[in-house]
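Asks: The structure follows.
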Amino acid sequence: MKLPVAELHIHLEGTLEPEAILRLAKQNGVTLPWPSLEQLRDQYDFSNLQSFLDLFYTNLAVLRTRADFHEITLAYLRRAEASGVRHVELFFDPQAHLERGIGLGEVIGGIREALREGEERFGITHKLIACFWRHAPAASAMEILRTLLAEGHQIDGIGLDSSELGYPPALFRAVFDYARDHGLHVVAHAGEEGPPEYIVQALDLLKVERIDHGIRCLEDEGLVRRLVSERMPLTVCPLSNVRLRTVDTLADHPLKEMLVRGLNVSIHSDDPAYFGGYLDANFEAVDRELGLTNAERATLARNSIESSFLEEPAKSRLCAEVDFWLSAVGRDR
Ligand code: HPA
Ligand SMILES: [Zn+2]
């Protein structure tokens with residue numbers, strides 16, 4: 001029996017594997033600066049978030065049609081099933097596709113169709129979250145959000161991603177007000193590269209339900225106490241943090257410290273095709289470098305499910321499966 005988990009921090013465009021990038025480039029007549037697999041793979045050495053984003057935004061140009069979005073979503077779900085994912089809240093970047101002339105209908109239509117198919121084939125339930133670019137003007141996010149709602153595109157929530165430093169959450173207050181007023185869930189990346197103050201802004205001004213990353217909260221004692229007392233979910237992505245050099249090595253990763261402090265942390269994969277693995281690889285890497293007891297694994301899994309937007313009774317049922325898993329494997333190893 002696999003430990004059931006909810007994947008809450010995964011960018012669809014970050015599941016594009018190098019082989020798929022080159023195949024889609026050929027299929028769609030898109031010319032990339034790196035024509036061979038070897039040259040492409042040479043690009044995967046990142047010095048910070050921006051150096052990754054530059055590659056990520058270049059590569060996603062190979063996605064052109066509804067069928068492409070369908071194909072990569074289904075490929076992700078197939079891979080996710082193998083790592084024990086039972087519920088996914090999938091991020092996508094509408095601006096990355098709109099600016100290349102790909103319509104919201106193509107993007108969301110292809111993704112949604114695959115999510116429905118994935119639920120039938122793999123039993124993975126889902127939510128879909130449109131993430132807005134913080135490096136783009138808030139007016140762009142607002143215009144797209146209005147269009148998404150006016151045209152009835154099916155999204156369950158909004159998020160905030162891309163370059164963090166210099167783009168505080170406060171810039172997006174009106175966008176998040178609008179989203180909440182229209183019944184959407186709200187999450188935001190904060191405290192990945194940005195200071196604890198950005199986490200505070202995401203909480204106070206954007207009124208988010210989860211913080212994506214959030215690891216820099218540890219620099220502010222008062223903030224840690226607040227996050228603990230509010231049981232605010234932090235979706236932590238260990239392999240991503242190492243590859244983007246927000247932590248030096250996995251052995252230095254604060255995940256265990258965060259657990260011990262009582263923070264509501266869970267493990268996620270962010271951009272698995274870029275950072276060295278999916279959810280199972282993140283769990284394995286953390287276990288190898290930091291050591292995880294089965295009880296800690298179960299806590300991380302339970303946190304992911306409780307922090308999800310899954311409705312009852314599905315949520316409680318999945319949590320009960322975690323308890324069952326723990327009773328089957330024993331608490332220690
Ligand atoms: O890790 C990330 N951080 C910020 N923006 C992103 N967009 C895709 N992945 C990321
Ligand atoms: Zn992310």
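Cβ atoms here come from the backbone N, Cα and C positions, even for glycine.
Not my notes, these are from TrEMBL:
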{"type": "DOMAIN", "residues": "4-323", "note": "domain 'Adenosine deaminase'"}
{"type": "BINDING", "residues": "H9, H11, H189, D270", "note": "Zn(2+) binding site"}
{"type": "ACT_SITE", "residues": "E192", "note": "active site, proton donor"}
{"type": "SITE", "residues": "H213", "note": "site 'Important for catalytic activity'"}
{"type": "BINDING", "residues": "D271", "note": "substrate binding site"}
Asks: Of the recorded positions H9, H189, E192, H213, which one has its Cα closest to the Cα of D271 (substrate binding site)?
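Replies: That would be H9, the closest of H9, H189, E192, H213 to D271 (substrate binding site).
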Asks: Using a 10 Å cut-off on Cβ-Cβ distances across all protein chains shown, tell me which of the binding-site residues (H11, H189) has the largest neighbour count.
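Replies: Selected residue: H189.
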Asks: Quick one: mean pLDDT on the domain 'Adenosine deaminase' (4-323)?
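Replies: Mean pLDDT across the domain 'Adenosine deaminase' (4-323) comes out at 98.
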Asks: Compute the mean position of the Cβ atoms of H9, H11, H189, D270, which form the recorded Zn(2+) site, and then list in sequence order the other residues of that chain whose Cβ is within 8 Å of it.
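Replies: Neighbours found: I10, G14, F91, D161, D212, H213, T235, C237, S240, H268, D271.
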Asks: Near ligand 2, which of the recorded positions show up if the criterion is a Cβ under 6 Å from one of its atoms? Options: E192, H213, D270, D271.
Replies: D270
Asks: Nearest by CA distance to H213 (site 'Important for catalytic activity'): which of the binding-site residues is it, out of H9, H11, H189, D270?
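Replies: Of all the candidates listed, H189 is nearest in space.
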Asks: Taking just the CA atoms, what is the gap between the residue listed as 'active site, proton donor' and D270 (Zn(2+) binding site) in Å?
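Replies: Rounded to a whole number, the Cα-Cα distance is 12 Å.
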Asks: May I ask which residues of the same chain, at least 6 positions away in sequence, place their Cβ under 8 angstroms from the Cβ of H9 (Zn(2+) binding site)?
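Replies: In sequence order, F91, D212, H213, T235, C237, H268, S269, D270 meet the Cβ cut-off.
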Asks: Let me check the 10 A CB neighbour count of D270 (Zn(2+) binding site). How many other CB atoms are there?
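Replies: Result for D270 (Zn(2+) binding site): 27 other Cβ atoms within 10 Å.
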Asks: Identify, among the recorded positions E192, H213, the residue whose Cβ has the fewest other Cβ atoms within 10 Å in this structure.
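Replies: Ranked by other Cβ atoms within 10 Å, the recorded positions E192, H213 bottom out at E192.
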